[in-house]
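Presented below is the structure to which this report refers.
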Amino acid sequence: MYFAVIGTHVRGKSASPAMHNASFKALGVNAVYIAVDVPREELPCFLKLARLNLRGFNVTIPHKEEVVKHLDGVAADARAIGAVNTVLVERNLLVGYNTDASAVYQLAGSHMRGADVLIVGAGGAARAALFAAIKAEARAVYIANRTYERAEALAREFAEKFKREVKAVRSPVKADVVVNATPVYDAMVADLSGASLYVDFAYIPTPRTKMVEEAQRLGIKVVDGVDLLVEQGAQAEKIWLGVEPDRTVMKRAVLEFLGI
């Protein structure tokens, strides 16, 4: 069986191949997972090949939203989110899921419940975090993005879809839970004072982002990019293989890949 992660600039940079190949070995599964760079314009071509050659694949920047329109089926939550990061290939059909959202909910949902949540970003990862916050019944949800119009459009879309208020803000506000749903790792994206949890999707080139270091300095609980990568990856393997993988094995492989 063959699996892959697709995106731009993933070959040699993504920890997913190391993580999944270590997991497959531990599970005794005869499978190989590779990273494939797929430019935007080549996505349809890749998907045609995937139908015949892969058992499943992960999707990362910049394809999480675009891939949805090319799939044969999409799980209800992924369709509501408007983004897919995990695809199962079954009988040459492509079925999409969003394990980013379920990973955020699993690792941060209890902190989001009844809390003010700030999400920085407006792409596929932000959509997943936003869905998790709404599912967890957060008290208030704010979206901040470098391009305010994108944050505003996303807030409006989710407010209409889920019949609850979602606020776009021109600059990050203080919140109980702060989520960095961007690749930014070397700059402060929000004020963490007063927060109880910080969630960061970034793990390249290191999960110890500037924001993670600040959260640790302030004594704030952290869910970092490695935690999220492992959880979404474990849930993806359950979809592909129908088994529960060992997250300890997966995390060890990621940390070794990153040289930590």
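Glycine is treated like the rest: Cβ placed from N, Cα and C.
DSSP gives Lys64 (active site, proton acceptor) a coil state; it is part of no helix or strand. The Cβ neighbour count for Lys64 (active site, proton acceptor), using a 10 Å radius over every protein chain in view, is 25. Taken from Swiss-Prot, the feature active site, proton acceptor applies to Lys64, supported by sequence analysis.
Under DSSP, Asn85 (shikimate binding site) is assigned to coil, being neither helix nor strand in the three-state scheme. Swiss-Prot lists Ser14, Ala15, Ser16, Thr60, Asn85, Asp100, Tyr203 with the feature shikimate binding site.
Non-local contacts of Arg146 (NADP(+) binding site) by the CB criterion (under 8 A, 6+ apart in sequence, same chain) are absent. In the three-state DSSP scheme, Arg146 (NADP(+) binding site) falls into the coil class. Feature annotation from Swiss-Prot assigns NADP(+) binding site to Gly121, Ala122, Gly123, Gly124, Ala125, Asn145, Arg146, Thr147, Tyr148, Glu149, Arg150, Phe201, Gly225; the stated evidence is sequence analysis.
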For Gly123 (NADP(+) binding site), the closest of the binding-site residues by C-alpha position, picking from Ser16, Asn85, Tyr203, is Asn85
Out of Ser14, Ser16, Thr60, Asn85, the listed binding-site residues, fewest other Cβ atoms within 10 Å surround the Cβ of Thr60
Rounding to whole Å, the Cα atoms of Ser16 (shikimate binding site) and Lys64 (active site, proton acceptor) are apart by 16
Within 8 Å of the Cβ centroid of Ser14, Ala15, Ser16, Thr60, Asn85, Asp100, Tyr203, the other same-chain residues by Cβ around the recorded shikimate site are Val5, Gly7, Val10, Asn58, Leu229, Gln232, Gly233
